[in-house]
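Visitor: One structure, as C-alpha coordinates, below. Some questions next.
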(Lines of atoms letter the chains of each structure in order from A; the text may use other names.)
(Lines give C-alpha, C1' and ligand atoms only; values in the text may rest on other atoms or scores of the structure.)
Protein backbone atom coordinates (compact mmCIF):
# COMPACT_ATOMS: atom_id res chain seq x y z
CA UNK A 1 0.00 0.00 0.00
CA UNK A 2 2.83 2.41 0.87
CA UNK A 3 4.43 1.55 -2.48
CA UNK A 4 1.26 2.55 -4.33
CA UNK A 5 1.04 5.78 -2.33
CA UNK A 6 4.60 6.61 -3.34
CA UNK A 7 3.74 6.08 -7.02
CA UNK A 8 0.39 7.86 -7.17
CA UNK A 9 0.97 11.34 -5.79
CA UNK A 10 -2.40 12.86 -6.54
CA UNK A 11 -5.70 12.72 -4.69
CA UNK A 12 -6.03 9.08 -3.63
CA UNK A 13 -9.84 9.03 -3.56
CA UNK A 14 -10.05 10.54 -7.03
CA UNK A 15 -7.51 8.14 -8.46
CA UNK A 16 -9.44 5.24 -6.91
CA UNK A 17 -12.70 6.32 -8.58
CA UNK A 18 -10.98 6.75 -11.94
CA UNK A 19 -9.26 3.39 -11.71
CA UNK A 20 -12.56 1.66 -10.91
CA UNK A 21 -14.06 3.09 -14.11
CA UNK A 22 -10.96 2.41 -16.21
CA UNK A 23 -10.63 -1.21 -15.09
CA UNK A 24 -14.38 -1.71 -15.39
CA UNK A 25 -14.21 -0.45 -18.98
CA UNK A 26 -12.14 -3.52 -19.91
CA UNK A 27 -14.78 -5.95 -18.63
CA UNK A 28 -17.70 -3.91 -19.95
CA UNK A 29 -16.03 -3.48 -23.33
CA UNK A 30 -15.36 -7.22 -23.55
CA UNK A 31 -19.08 -7.90 -23.30
CA UNK A 32 -20.51 -4.93 -25.20
CA UNK A 33 -18.17 -5.22 -28.20
CA UNK A 34 -18.65 -8.95 -28.78
CA UNK A 35 -21.21 -8.31 -31.52
CA UNK A 36 -18.84 -5.94 -33.35
CA UNK A 37 -15.97 -8.41 -33.39
CA UNK A 38 -18.26 -11.19 -34.57
CA UNK A 39 -20.03 -9.17 -37.28
CA UNK A 40 -16.84 -7.61 -38.62
CA UNK A 41 -15.00 -10.95 -38.53
CA UNK A 42 -11.87 -9.04 -37.50
CA UNK A 43 -11.00 -11.17 -34.48
CA UNK A 44 -12.39 -12.50 -31.25
CA UNK A 45 -13.87 -10.65 -28.30
CA UNK A 46 -10.43 -10.86 -26.72
CA UNK A 47 -9.26 -8.41 -29.37
CA UNK A 48 -11.33 -5.64 -27.78
CA UNK A 49 -10.13 -6.72 -24.34
CA UNK A 50 -6.52 -6.41 -25.52
CA UNK A 51 -7.07 -2.95 -27.00
CA UNK A 52 -8.77 -1.62 -23.89
CA UNK A 53 -6.07 -3.11 -21.69
CA UNK A 54 -3.43 -1.43 -23.86
CA UNK A 55 -5.24 1.90 -23.59
CA UNK A 56 -5.36 1.50 -19.80
CA UNK A 57 -1.63 0.80 -19.56
CA UNK A 58 -0.78 3.76 -21.81
CA UNK A 59 -3.10 5.97 -19.76
CA UNK A 60 -1.41 4.90 -16.53
CA UNK A 61 2.04 5.71 -17.89
CA UNK A 62 0.78 9.09 -19.08
CA UNK A 63 -0.67 9.76 -15.65
CA UNK A 64 2.60 8.83 -13.95
CA UNK A 65 4.47 10.99 -16.44
CA UNK A 66 2.24 13.97 -15.67
CA UNK A 67 3.25 13.73 -12.02
CA UNK A 68 6.80 14.61 -13.05
CA UNK A 69 5.66 17.79 -14.81
CA UNK A 70 5.16 21.07 -12.98
CA UNK A 71 1.65 22.11 -14.01
CA UNK A 72 2.77 25.75 -14.17
CA UNK A 73 4.59 25.07 -17.46
CA UNK A 74 1.50 23.59 -19.09
CA UNK A 75 0.36 26.98 -20.38
CA UNK A 76 3.54 27.26 -22.43
CA UNK A 77 3.13 23.70 -23.68
CA UNK A 78 -0.50 24.41 -24.59
CA UNK A 79 0.59 27.08 -27.08
CA UNK A 80 2.54 24.48 -29.05
CA UNK A 81 -0.31 22.00 -28.58
CA UNK A 82 -2.80 24.52 -30.03
CA UNK A 83 -0.61 24.96 -33.12
CA UNK A 84 -0.29 21.18 -33.52
CA UNK A 85 -4.04 20.76 -32.99
CA UNK A 86 -4.81 23.17 -35.81
CA UNK A 87 -2.55 21.21 -38.17
CA UNK A 88 -4.13 17.89 -37.15
CA UNK A 89 -7.66 19.25 -37.55
CA UNK A 90 -6.84 20.54 -41.03
CA UNK A 91 -5.34 17.16 -41.92
CA UNK A 92 -8.53 15.52 -40.66
CA UNK A 93 -10.52 17.69 -43.02
CA UNK A 94 -8.24 16.69 -45.89
CA UNK A 95 -7.77 12.97 -45.26
CA UNK A 96 -9.81 12.00 -42.23
CA UNK A 97 -11.00 8.45 -41.67
CA UNK A 98 -14.58 7.35 -41.15
CA UNK A 99 -15.02 4.92 -38.24
CA UNK A 100 -17.86 2.42 -37.82
CA UNK A 101 -19.85 3.66 -40.80
CA UNK A 102 -20.47 7.19 -39.58
CA UNK A 103 -20.62 9.88 -42.24
CA UNK A 104 -18.08 12.04 -40.42
CA UNK A 105 -14.32 11.87 -40.98
CA UNK A 106 -13.20 12.63 -37.40
CA UNK A 107 -10.19 10.35 -37.19
CA UNK A 108 -6.61 10.27 -38.44
CA UNK A 109 -5.01 6.93 -39.06
CA UNK A 110 -1.44 6.66 -37.78
CA UNK A 111 1.22 3.96 -37.67
CA UNK A 112 0.15 0.41 -36.97
CA UNK A 113 -3.46 1.01 -37.98
CA UNK A 114 -4.18 3.02 -34.83
CA UNK A 115 -6.41 6.06 -35.10
CA UNK A 116 -6.54 9.33 -33.18
CA UNK A 117 -9.32 11.88 -32.89
CA UNK A 118 -7.67 15.33 -33.15
CA UNK A 119 -10.74 17.10 -31.73
CA UNK A 120 -10.09 15.46 -28.33
CA UNK A 121 -6.48 16.66 -28.28
CA UNK A 122 -7.54 20.11 -29.51
CA UNK A 123 -10.24 20.43 -26.84
CA UNK A 124 -7.83 19.59 -24.01
CA UNK A 125 -5.18 21.94 -25.41
CA UNK A 126 -7.68 24.78 -25.71
CA UNK A 127 -8.97 24.37 -22.15
CA UNK A 128 -5.42 24.48 -20.76
CA UNK A 129 -4.59 27.50 -22.94
CA UNK A 130 -7.69 29.43 -21.82
CA UNK A 131 -6.88 28.68 -18.16
CA UNK A 132 -3.32 29.94 -18.57
CA UNK A 133 -4.37 33.07 -20.41
CA UNK A 134 -6.96 33.95 -17.78
CA UNK A 135 -4.30 33.46 -15.12
CA UNK A 136 -1.93 35.84 -16.92
CA UNK A 137 -4.50 38.66 -17.07
CA UNK A 138 -6.08 38.03 -13.65
CA UNK A 139 -4.65 41.29 -12.23
CA UNK A 140 -5.71 43.34 -15.24
CA UNK A 141 -9.04 44.83 -16.14
CA UNK A 142 -10.47 42.49 -18.76
CA UNK A 143 -11.26 44.47 -21.90
CA UNK A 144 -12.17 43.62 -25.47
CA UNK A 145 -8.53 44.24 -26.42
CA UNK A 146 -7.00 41.65 -24.11
CA UNK A 147 -9.86 39.25 -24.86
CA UNK A 148 -9.13 39.03 -28.58
CA UNK A 149 -6.50 36.27 -28.30
CA UNK A 150 -8.46 33.70 -26.24
CA UNK A 151 -11.67 34.37 -28.16
CA UNK A 152 -9.96 34.18 -31.57
CA UNK A 153 -8.16 30.93 -30.73
CA UNK A 154 -11.39 29.44 -29.38
CA UNK A 155 -13.34 30.43 -32.50
CA UNK A 156 -10.68 28.94 -34.77
CA UNK A 157 -10.60 25.59 -32.94
CA UNK A 158 -14.38 25.37 -32.78
CA UNK A 159 -14.71 26.31 -36.46
CA UNK A 160 -12.37 23.46 -37.41
CA UNK A 161 -14.20 20.93 -35.22
CA UNK A 162 -17.81 21.95 -35.86
CA UNK A 163 -18.36 20.74 -39.47
CA UNK A 164 -17.52 17.10 -38.69
CA UNK A 165 -18.28 16.92 -34.96
CA UNK A 166 -21.01 19.34 -34.00
CA UNK A 167 -21.71 17.89 -30.55
CA UNK A 168 -18.05 18.15 -29.50
CA UNK A 169 -17.86 21.73 -30.77
CA UNK A 170 -20.99 22.71 -28.85
CA UNK A 171 -19.77 20.98 -25.69
CA UNK A 172 -16.37 22.66 -26.01
CA UNK A 173 -18.04 26.06 -26.45
CA UNK A 174 -20.05 25.57 -23.26
CA UNK A 175 -16.96 24.46 -21.34
CA UNK A 176 -14.88 27.42 -22.54
CA UNK A 177 -17.62 29.85 -21.50
CA UNK A 178 -17.84 28.07 -18.12
CA UNK A 179 -14.09 28.38 -17.48
CA UNK A 180 -14.13 32.02 -18.57
CA UNK A 181 -16.96 32.65 -16.10
CA UNK A 182 -15.06 30.91 -13.29
CA UNK A 183 -11.97 32.91 -14.27
CA UNK A 184 -13.78 36.21 -13.81
CA UNK A 185 -14.55 37.05 -17.43
CA UNK A 186 -17.16 39.87 -17.63
CA UNK A 187 -20.70 38.65 -18.23
CA UNK A 188 -21.25 41.14 -21.06
CA UNK A 189 -18.29 39.75 -23.02
CA UNK A 190 -19.42 36.20 -22.38
CA UNK A 191 -22.89 37.11 -23.65
CA UNK A 192 -21.44 38.66 -26.81
CA UNK A 193 -19.17 35.65 -27.31
CA UNK A 194 -22.06 33.23 -26.81
CA UNK A 195 -24.31 35.12 -29.23
CA UNK A 196 -21.53 35.17 -31.83
CA UNK A 197 -21.11 31.40 -31.52
CA UNK A 198 -24.84 30.81 -31.94
CA UNK A 199 -25.12 33.14 -34.93
CA UNK A 200 -22.01 31.66 -36.57
CA UNK A 201 -23.33 28.13 -36.10
CA UNK A 202 -26.69 29.15 -37.53
CA UNK A 203 -25.06 30.73 -40.58
CA UNK A 204 -22.99 27.60 -41.18
CA UNK A 205 -26.11 25.45 -41.10
CA UNK A 206 -27.97 27.86 -43.40
CA UNK A 207 -25.12 27.98 -45.93
CA UNK A 208 -24.74 24.19 -45.82
CA UNK A 209 -28.43 23.64 -46.49
CA UNK A 210 -28.46 26.25 -49.25
CA UNK A 211 -25.30 25.42 -51.19
CA UNK A 212 -24.32 21.91 -50.04
CA UNK A 213 -27.72 20.29 -49.72
CA UNK A 214 -26.62 16.65 -49.60
CA UNK A 215 -28.47 13.97 -47.66
CA UNK A 216 -25.09 12.66 -46.43
CA UNK A 217 -23.95 15.99 -44.97
CA UNK A 218 -23.42 16.40 -41.24
CA UNK A 219 -26.03 19.16 -41.10
CA UNK A 220 -28.67 16.74 -42.38
CA UNK A 221 -27.48 14.22 -39.79
CA UNK A 222 -27.95 16.77 -36.99
CA UNK A 223 -31.40 17.78 -38.21
CA UNK A 224 -32.48 14.16 -38.62
CA UNK A 225 -31.33 13.33 -35.09
CA UNK A 226 -33.38 16.17 -33.63
CA UNK A 227 -36.41 15.18 -35.73
CA UNK A 228 -36.06 11.54 -34.64
CA UNK A 229 -35.77 12.64 -31.03
CA UNK A 230 -39.04 14.57 -31.38
CA UNK A 231 -40.62 11.76 -33.40
CA UNK A 232 -39.20 8.48 -32.03
CA UNK A 233 -41.63 6.38 -34.06
CA UNK A 234 -39.80 7.30 -37.26
CA UNK A 235 -38.23 4.26 -38.95
CA UNK A 236 -34.45 4.72 -39.20
CA UNK A 237 -31.22 3.13 -38.04
CA UNK A 238 -30.60 5.62 -35.24
CA UNK A 239 -34.22 5.50 -34.04
CA UNK A 240 -33.79 1.74 -33.98
CA UNK A 241 -30.65 2.14 -31.86
CA UNK A 242 -32.34 4.53 -29.46
CA UNK A 243 -35.33 2.21 -29.14
CA UNK A 244 -33.11 -0.79 -28.46
CA UNK A 245 -31.19 1.17 -25.85
CA UNK A 246 -34.47 1.74 -24.01
CA UNK A 247 -35.31 -1.95 -24.40
CA UNK A 248 -31.95 -2.82 -22.80
CA UNK A 249 -32.73 -0.59 -19.82
CA UNK A 250 -36.18 -2.13 -19.37
CA UNK A 251 -34.83 -5.68 -19.64
CA UNK A 252 -32.12 -4.92 -17.09
CA UNK A 253 -34.65 -4.05 -14.41
CA UNK A 254 -33.37 -3.58 -10.89
CA UNK A 255 -30.64 -6.22 -10.67
CA UNK A 256 -29.76 -6.84 -14.33
CA UNK A 257 -29.35 -10.00 -16.38
CA UNK A 258 -25.79 -10.64 -15.23
CA UNK A 259 -22.30 -9.90 -16.62
CA UNK A 260 -22.07 -10.68 -20.32
CA UNK A 261 -25.70 -11.78 -20.54
CA UNK A 262 -27.12 -8.82 -22.42
CA UNK A 263 -28.90 -9.83 -25.62
CA UNK A 264 -29.72 -6.29 -26.71
CA UNK A 265 -26.04 -5.60 -27.38
CA UNK A 266 -26.37 -7.66 -30.57
CA UNK A 267 -28.80 -5.10 -31.97
CA UNK A 268 -26.80 -2.02 -30.95
CA UNK A 269 -23.92 -1.22 -33.37
CA UNK A 270 -22.59 1.36 -30.87
CA UNK A 271 -23.07 -0.86 -27.81
CA UNK A 272 -19.44 -0.47 -26.71
CA UNK A 273 -19.31 3.31 -27.08
CA UNK A 274 -22.32 5.63 -27.51
CA UNK A 275 -24.84 3.31 -25.81
CA UNK A 276 -22.65 1.43 -23.35
CA UNK A 277 -24.58 2.90 -20.40
CA UNK A 278 -27.69 1.07 -21.65
CA UNK A 279 -25.71 -2.19 -21.75
CA UNK A 280 -24.46 -1.54 -18.20
CA UNK A 281 -28.05 -1.32 -16.98
CA UNK A 282 -29.04 -4.35 -19.07
CA UNK A 283 -26.34 -6.49 -17.43
CA UNK A 284 -26.07 -4.91 -13.96
CA UNK A 285 -29.51 -3.36 -13.57
CA UNK A 286 -30.50 0.01 -12.18
CA UNK A 287 -28.22 -0.77 -9.24
CA UNK A 288 -25.21 -0.86 -11.58
CA UNK A 289 -26.39 2.23 -13.44
CA UNK A 290 -26.76 4.22 -10.24
CA UNK A 291 -23.35 3.02 -9.06
CA UNK A 292 -21.79 4.51 -12.21
CA UNK A 293 -23.66 7.78 -11.61
CA UNK A 294 -22.50 7.88 -7.97
CA UNK A 295 -18.88 7.37 -9.07
CA UNK A 296 -19.10 10.29 -11.50
CA UNK A 297 -20.69 12.45 -8.80
CA UNK A 298 -17.84 11.45 -6.47
CA UNK A 299 -15.31 12.42 -9.14
CA UNK A 300 -17.02 15.82 -9.47
CA UNK A 301 -16.89 16.25 -5.70
CA UNK A 302 -13.15 15.50 -5.63
CA UNK A 303 -12.54 17.88 -8.55
CA UNK A 304 -14.23 20.68 -6.60
CA UNK A 305 -12.30 19.81 -3.41
CA UNK A 306 -8.96 19.72 -5.25
CA UNK A 307 -9.64 22.95 -7.15
CA UNK A 308 -10.53 24.84 -3.97
CA UNK A 309 -7.50 23.46 -2.07
CA UNK A 310 -4.93 24.64 -4.60
CA UNK A 311 -3.42 27.96 -3.56
CA UNK A 312 -2.84 29.00 -7.15
CA UNK A 313 -5.31 30.58 -9.57
CA UNK A 314 -3.96 28.76 -12.62
CA UNK A 315 -4.03 25.42 -10.82
CA UNK A 316 -7.65 25.94 -9.78
CA UNK A 317 -8.72 26.85 -13.31
CA UNK A 318 -6.72 23.95 -14.74
CA UNK A 319 -8.43 21.33 -12.57
CA UNK A 320 -11.86 22.68 -13.50
CA UNK A 321 -10.87 23.00 -17.16
CA UNK A 322 -9.77 19.37 -17.43
CA UNK A 323 -12.23 17.82 -14.97
CA UNK A 324 -15.58 19.45 -15.75
CA UNK A 325 -15.68 18.36 -19.44
CA UNK A 326 -15.38 14.73 -18.29
CA UNK A 327 -18.45 15.08 -16.08
CA UNK A 328 -20.38 17.04 -18.71
CA UNK A 329 -19.61 14.42 -21.36
CA UNK A 330 -20.74 11.65 -18.99
CA UNK A 331 -24.06 13.44 -18.41
CA UNK A 332 -24.60 13.78 -22.18
CA UNK A 333 -23.78 10.12 -22.87
CA UNK A 334 -26.00 8.77 -20.10
CA UNK A 335 -28.76 11.20 -21.06
CA UNK A 336 -28.72 9.91 -24.64
CA UNK A 337 -28.89 6.30 -23.46
CA UNK A 338 -32.00 6.91 -21.36
CA UNK A 339 -33.69 9.12 -23.97
CA UNK A 340 -33.22 12.56 -22.40
CA UNK A 341 -31.15 13.91 -25.32
CA UNK A 342 -30.89 13.18 -29.04
CA UNK A 343 -27.97 11.06 -30.23
CA UNK A 344 -24.69 12.98 -30.05
CA UNK A 345 -21.96 10.40 -30.59
CA UNK A 346 -20.27 11.33 -27.31
CA UNK A 347 -18.63 8.35 -25.52
CA UNK A 348 -18.85 7.65 -21.80
CA UNK A 349 -15.51 8.91 -20.36
CA UNK A 350 -13.16 6.21 -19.09
CA UNK A 351 -15.69 3.47 -19.91
CA UNK A 352 -16.53 3.53 -23.62
CA UNK A 353 -14.29 1.45 -25.87
CA UNK A 354 -11.84 2.89 -28.32
CA UNK A 355 -9.79 5.49 -26.51
CA UNK A 356 -7.46 6.38 -23.68
CA UNK A 357 -9.06 6.82 -20.28
CA UNK A 358 -8.50 10.57 -20.63
CA UNK A 359 -9.57 11.33 -17.09
CA UNK A 360 -6.37 9.71 -15.84
CA UNK A 361 -4.42 12.73 -17.05
CA UNK A 362 -6.26 15.29 -14.94
CA UNK A 363 -5.88 13.94 -11.48
CA UNK A 364 -2.21 14.19 -10.47
CA UNK A 365 -2.45 17.99 -10.83
CA UNK A 366 -3.35 18.45 -7.18
CA UNK A 367 0.09 17.21 -6.13
CA UNK A 368 2.08 19.90 -7.95
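Glycine too: its Cβ is placed from the backbone N, Cα and C atoms.
Annotations in TrEMBL come from automatic prediction, not curation.
Bear in mind that the values here come from a model prediction, so they are computed numbers and not experimental data.
What TrEMBL lists as transmembrane segment is 12-32, 52-69, 76-95, 107-130, 142-162, 168-185, 190-212, 275-301, 313-341.
On this model, are these features tucked inside or out on the surface, and what's nearby?
Guide: The list of residues near the transmembrane segment (142-162) in space but at least 6 beyond its ends in sequence, with Cβ under 8 angstroms from a Cβ of it, reads 82, 85-86, 89-90, 93, 119, 122-123, 126, 129-130, 133-134, 168-169, 172-173, 176, 180, 184-186, 189, 193, 196-197, 200-201, 204.
Within the chain carrying the transmembrane segment (168-185), a Cβ under 8 angstroms from the stretch's Cβ atoms is held by residues 119-120, 123, 126-127, 130-131, 134-135, 138, 142, 147, 150, 154, 157-158, 161-162, 193-194, 197, 201, 317, 320-321, 324-325, 328-329, 332, 346, all 6 or more beyond its ends.
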